[in-house]
Structure formats: C-alpha cells, structure tokens
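**Student:** The structure follows.
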Amino acid sequence: MLAGVGPVRIGIVTALFVAFGYLWLLSGRGVWYDRLSERFIFGVPWGTVLCIAGVVGFYLSAQSGFTHWNSPVTLPFRSWSYLYPLGLLTSGFAHAGPGHLMGNMIGTLVLAPIVEYAWGHYPPQDSNDEYEYPPPAEIDGPRDSSPGTVSRWHTPWVRALVIFPAIVAVVSLVTSVLAFGWSLGFSGTVYAFGGFAVVYFPVAAVIAMVGFTGTAVLVNTLLDPVVRATAEAGSGGPPSWWGVNVQAHLLGFLLGVLLALVLLHRRNESRRPALVFFATLLFGLSRQLYVFADSPEEDVFLQLRGVGVIFVLGLSVLVTAAVAADESPLPDRVSEISWVPRMRLVSVLWIGSVAVLIWAAWSGTFSRGSVPPFGIGTIPVLLILLLYPFFPSHRPSRIGTQLTRRDLFVFSLAFVVAVVALPSIVTNNARMAEDPVPDGESITVDGYEVTYAEGTRHGRIGTEESGLIVVNEQRQIWIAAAGKSDLKNSGTVTVPVGGIGWRETVTATRRGWNVVGNDSAYTVEVSHGDETVQAFRSGRSTARAEIANKTVAVEPGDGQFRLNVTRGDTVLGTTAIPAVNDSARVGSLSFETERTDGTPSVFAREDGTRVLIAKQERGG
C-alpha cells in the first residue's frame, strides 16, 4: 500500500480539499446536502458504504490481504464447482490482488450511489406520477394499516442498511453461480450497477463513466505519485484483456438493466429513449463489453472486436426498445391479424424453452454418469432465478391478456440473459478426473497438491495445460496457477494456498540453459518450507554448433546440468557445467563458463576454435 505519506501525497489531498471546497462554496453550502438528503439519510449512501466495507474487509481478513496486500489467497474463493459451496458464496466478493480490488471498488464508489439514489432510503409516496421523499428528520418510515406500528421494510435505515446491501449480495451470488468458468471478483455486480444506471439515470451514468476514469487516476496517483518506467522486453504472457471474464460482466449488466426496468414499471416512470441508447452504447464500448476473446492455439490470442461491437450496438437497440416500449398489445396497428399471442402462452413457451436449454446443457453431464446431488439441486435454483420475474403467478392480472410491446422486449432481454448464463452450467458441473494430479513429484499442503507439468490433461475439462499445477480434490480445484511462459520469464513463481483463517505459500523455481540453435534444457523445483522436490526435468538439448566434428548437448540432472559430447553416434564423455570462471574437459575439448552481459555463458574450445554452447536462463 502507501509506502509513506510524503509531501506529494499531502499536496494531492490538500488540492482535492481546496478544489471541492471551492465548488461547495460556489454552489451554495447547503445545496448538495439538500439534494442528497432527499433520498439518503443525512445525505450519505449508507448501503454503498456498507458494501465497500464488506468487500474490502473480506479481502483484508479472509484473503489475508491485511498481512499480504499484494498476494492474497484466491484459490479457495473461486467458483470452482456446484460441489464447492464456499467458492460459490465467496467468489463474487474475493479479488485477485490490489489492482483488481481497487478497480472494482472505484467502480462501486462511482456507480452504486446512483443505484442507491434511485432506490432511495425513504419509500416513495403512493402516487402513479410523482414520487416525493420525506425530509431527513423523518426516518421512521411510513406506518402500515395497524395503528401505532411502522412497516419495517419501509423504515429508511432498513432500506439503506438491509434491503439495498441484500439485493447487492444476491446479484453478486447470481453472477457467481452463473459465471462461465471459475470466476473471481465483484466486477459482475459493478456492471449490474452500470446496467441499472444507464436505464434509470442515463445522464448520470455517462458522467459516472468519466468519473470512473478520473477517480481511478486520483487513487492511483495517491498510491504512486511518481511512476518510473524503463524500456524492457515484454513478459511474453497473454494480453491483459485475455483474463477478463466478459461473460460475467455482460451477465451483471443485463441483470442491472432488468432490475431498472422492473423499478421503472412499478413506479410508472419513463425515460427518454435517445439518452438510454447513447448511455448504453457508451457504457458497453468504454467498459469493453465488446471484447470477445478466443485462443485457437497455445500462446495465440484473438480478440473478436468486430463481432463484439456489432453485439454491443444490437444490445443498445434492444435495451432502448425495452425502455421505450409501452403497454399496447401486439401487433399494434395490424387490425387484419385476428390472433395475437397471450401472456399465458408466452409464459408457458418461455418456461419450456429455458427448461429445454437447461436440459440440453446438462445432458452431457448426465450421459457421463451420475450427477452429484448438489449439482442436481442447482436446476430448480437456476429456474427460479431465471424465471421468477416472468412466472405467470407473479403477474396474475396479465394472464390471458395480449402480449404487449414491453413484454416482448423484456422477454427478449431475459432470453439473452438465459443464453449468456446457461453455458456456465457445463463448466461448473465438470467433475474431477479419477487421478487428477499429473505424474511426477509434488508438494502436499493440507489437501493441496502442487507440481509442475507440461502437456498434461486438465483434471476437469478436455484441454492440455502446461505450468505450475495446483490440485485440491476436496475443493474441486484444478488450475495452472502459473503458465510455462510465466515461469520461464520470471524464473520463480510463488503461489499462495489456504482457506479461511490460514495461508501457506509454495514456490516454483525454474533453472535452465538456453542452448544455441535449439530449445532450452531446464528443471523445475517446487518447494514449501524445508521440503523441495524436482517436479519436472526437460530432455537434453543439443547445440547446433559443432567443433572438431563434435556436438555438445546440455542435459538436466539431479541438482546439476551436464555437458554430453558426441561424435556421430559415439558418446565421447560427459561433465558437469563448470562454475563461472572455471573450466572442465572432455578429452581434448575444454569448456569454460564466464559472464557475458552479466549472464553466465558456456563456451567450448579446441585447437583455437571457440564456440558458444548455452546461456543461463533467468533464475539460474
């Protein structure tokens, strides 16, 4: 976190107070408070404050962020499987690191107050065309029909500190359960805030997007007032957008849109379609909902940007149509058509369609054998989550009536939600293989098996993985925590494992030599505490250069690398790679190790000819 306060940080904070203090005086001392206190108790979005405090508190405590700010425990808090409830319950609140946490909290700070303002701490009066809120002093809430009693659900403190955070928690849980892959983070809920805002307060949403960038700059400047960069080679890892779960973001955004439509409908309010369209489009483009990514082969990453932009444009039209649509029946002006669909029929078709989609997604799992009871139990849960707002009994007055324009577009949005969400059922129900731990030596830490492997079959899905593999069968965890290229470029990778209340670290170290004209020869050691095992050893690698008709190969071994000298198919001898500024011999061929540009390099010499054989990799 902050390395020290320093004069620059003090200057930034002072400048902020001066700038906003001037704006406060210029606008009138009580104007901002009066406006905010119309819907917030004492002008404070208490629900937003509570949500931020809860997420940050989870990072600091459960994820050990308080003692390990830059390397929190993440593995036990991902939504690995429907068989692992802890991950499902916590993945929507856990974060991969400080940057991940800060980004989502800034988004929450900017967008959540807009949603909370729309909700309001004070319940609106019973009116179809106007909603007035009581002054801040009247915080007891409206009374129900019983004399002398107060409706608890209408009490402002309950609306602020219970109902609003509870809805946020439910949205986080839904995005966690229905996220594709093994998700982590509060971003699905942040996008739900954005989806709600672009529909309910489109102008404020556009301003918030600018505020998001500005707030991020201010926070990052406070954390790092001076940024120092040097020209260096890239890490060789995947691009930053590859690890972004766009499906979870899109799912959260659509849930926010649907919640806003429900609130608008219940309050009989309307919005200008043009504002909603531009707000939705700008949000989708600025928050990268168009980033549809694919990896057709190893270390190749595609961003299907064109398809994504077309999708965002279509989604903007659909959201705008849902906002602009009225309650007129379909077809609106074609009097010669004597039959139009009824709500009863549409409801039945909707429920049947979603049931068929869920059955299709699950059929592959059923066909492979028995499905765990908890996995089976997710079917009715998903049905309720997806169908409750549209279930016929939820709208009894509409059964038998003609389908309206609003119904059509809301059902269309709900169908998009179902299409986006249902593929997650397959990944979250993928079962662990019978022997999921790759062959080779491994380190065991309280149920976690950590090893290194290349080209090994994933323990849950039909792909091949290379890197530092972490497996925990009880928690349904199987992941390449660090890729092959990550370890090659950094030399050492540390992975925290653990659970609620405990944390351990496992370190993987790659040592190897870059052989001239061929692949590297290397080993990977995995260690925890005083225990170290060699988890992987590559094959020998022969240098392309020849000297006196002899070839030299670098071969990794136990604790050392050896140089094998051959002429044709005849092995002439072998020796360990000498230390820096030392030498060794195999017959008439001598080997010397010296530093070139700071890197240990091995040379072969004979009869006045000297050739480079290999250079040591980063890490040794």
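Glycine is no exception: its Cβ is also placed from the backbone N, Cα and C atoms.
A TrEMBL annotation is a machine prediction, not a hand-curated record.
When I checked TrEMBL for this same protein, it listed these features:
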- 6-28: transmembrane segment (TRANSMEM)
- 40-60: transmembrane segment (TRANSMEM)
- 157-180: transmembrane segment (TRANSMEM)
- 192-219: transmembrane segment (TRANSMEM)
- 239-263: transmembrane segment (TRANSMEM)
- 275-293: transmembrane segment (TRANSMEM)
- 305-325: transmembrane segment (TRANSMEM)
- 345-364: transmembrane segment (TRANSMEM)
- 370-388: transmembrane segment (TRANSMEM)
- 408-426: transmembrane segment (TRANSMEM)
**Student:** Let me check one thing: do the transmembrane segment (40-60) and the transmembrane segment (157-180) come into contact, meaning three or more Cβ pairs under 8 Å with sequence separation of at least 6?
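**Tutor:** They do touch: at least three Cβ pairs between the two stretches lie under 8 Å.
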**Student:** Looking only at the recorded stretches 6-28, 239-263, 275-293, 305-325, 408-426, which one has the largest tally of CB-CB distances under 8 Å to the transmembrane segment (157-180)?
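**Tutor:** By Cβ pairs under 8 Å, 239-263 leads among 6-28, 239-263, 275-293, 305-325, 408-426.
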**Student:** Report, as numbers and ranges, which residues of the same chain sit near the transmembrane segment (239-263): CB under 8 Å and 6 or more residues beyond its ends.
**Tutor:** 115, 118-119, 167, 171, 174-175, 178-181, 183, 185, 187-200, 283-284, 287-289, 291-293, 295, 301, 303, 319, 322-323, 389, 410, 413-414, 416-417, 420-421, 423-424
**Student:** Where, among 192-219, 275-293, 408-426, do we find the most CB pairs under 8 A to the transmembrane segment (305-325)?
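**Tutor:** That would be 275-293.
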